[in-house]
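Below: one structure, written as C-alpha cells.
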Amino acid sequence: MVGGLLVPSAAQADPSSPAAAPDLSDTAGISGTGARALADSLGKYRTGGVFIDDGGQMIVAVTDQAAAQTVREAGGVPKIVAYSTATLQSVHTEFDKLAGIPGTSWGVDQSTNQVSVELDSTVSPANAAKLRAVAEKFGSAVRVERISGKIKKEEIYTSGGDSIRNTYHSLYCSIGFNVRTSSGNRHFVTAGHCAEGTQHWYDTASGEYLGNRTSVSWPGNDYAVIDYTQSDVTAYGTVNDDTQQISSSRYPYDGESVSRAGATSNDLVGQVLLTSTTVTYDSGETLYGMIKTSLCGKGGDSGGPVYHGTVALGIHSGSNTGDDPCNTSVSDKRGYHQPVQEVLSAKGLYVY
C-alpha cells in the first residue's frame, strides 16, 4: 500500500478544502516562503538562491552587501556568494545544449553556488571530455564529478510483489500520491514512463482493477494520472503502508530532508541535492526540471512518493542504485524525481 490503497473498504470522508503546505523555518524564524520572497524581490542578478544549510537554517544567497543587509533586516540569514542565479541559470542552459548524453545530469546547486554536473560509470571518455570542455569555460561556477552505477528509470518487466501492474502482468510500478479534483473525483499519480504504453492498471496484490490512464507526460517530464474507476476502491491520503498521512504539497527546498516509499524498497533518510536537474537515462530519454536527492531506488519503485513529513514533493523516476542494496540509511546514491506540484498545478489536482 505504497500510496495508501485499500481494496475494498469503507469510504473515507473528503476534506472540505485543500490544505496549505506547512512551511520550513530556520532558527531565526524566517520561513522558506519568506526566503524565496526575499530572493524574488531582490532579483536573480543580486541573489544566488535559497537553501537549508547543514545546521538547518534557511539561507538566502546574495551577491552584494546591500542585499545581505536587506535580508538581515527582514529577519533572514544571508550568505555572500560569487555567482548570481542569472549567471548559474545561464550556465545550466549551456549544458542543456548537450542534453541527451546517457548517464548524465546537471543543475544549479544553490548550497554551493555552482552548477553540479554528474557523470555515471557508463559515460564514455569522449562524452566526458565534451562536458569538461564546457565546464572549463565557466571556471569555479561548475563542478564535474563521476558517480557510481548507471542512471536509469526503475520500472520492472518481470513478476514481483509490486503495488500496481498492467493488464499483462509484464510491467510493475508504484503508486505515488492519491489525489482529487476540487469536485472530489479521485485519481492517483505515478511515473510517466510506466504509463506511456499502458492504459489499464491493477492492484498487484489483489488483482483488483483500479482505473484508466487519463494523462501522461514522458519524456521531458515523467508523470501520469490514473483515474480511479472502481467504486469499491478506497484511496487513502497516506504513503509508506499507511504510516504517513499526506495533507499538502509544494516545491522542495535545496537541502531539506526527504523520504521515499516504493513497492520494492523504501529509503526514509535522504536530502534534496538539487531542485531542478536535467538528467538523461541510460536508455536515452532526457528529463528537465527534476528533483535530485540522495535517495536510492530499485526496479518497481518508479512512480512512488517522495515527501517531507506530511508534504508531497515528488514522484520517483529513477536512480543510479543498480544492484547495490537500497534501504533506509544515509547513502551516496542519486535519485531523480518529478516535482509533484508541477503535475497538480497543471491538472487541477490536490493531495489529501
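Even glycines carry a Cβ here, placed using N, Cα and C.
Bear in mind that TrEMBL entries carry predicted annotations, made automatically and left uncurated.
Per TrEMBL, the features are as follows:
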type: ACT_SITE; residues: HIS193; note: active site, charge relay system
type: ACT_SITE; residues: ASP222; note: active site, charge relay system
type: ACT_SITE; residues: SER302; note: active site, charge relay system
type: DISULFID; residues: CYS173-CYS194; note: disulfide bond
type: DISULFID; residues: CYS296-CYS326; note: disulfide bond
type: DOMAIN; residues: 83-136; note: domain 'Peptidase S1A alpha-lytic prodomain'
Cβ packing number for HIS193 (active site, charge relay system), 10 Å threshold: 26
SER302 (active site, charge relay system) and CYS296 (disulfide bond), Cα-Cα, nearest whole angstrom: 11
Taken over the domain 'Peptidase S1A alpha-lytic prodomain' (83-136), the model's mean pLDDT: 98
For the domain 'Peptidase S1A alpha-lytic prodomain' (83-136), the number of residues DSSP places in helix, strand and coil: 24 helix, 12 strand, 18 coil
ASP222, SER302, CYS326 filtered to the recorded positions whose C-alpha is within 10 Å of CYS194 (disulfide bond): ASP222, SER302
Closest of HIS193, ASP222, SER302 to CYS173 (disulfide bond), Cα positions, active-site residues only: SER302
Distant-in-sequence Cβ neighbours of CYS326 (disulfide bond), under 8 Å, six or more positions away: SER265, ASP267, CYS296, GLY297, LYS298, LYS333
Around the Cβ of CYS296 (disulfide bond), the count of other Cβ atoms that are within 10 Å: 29
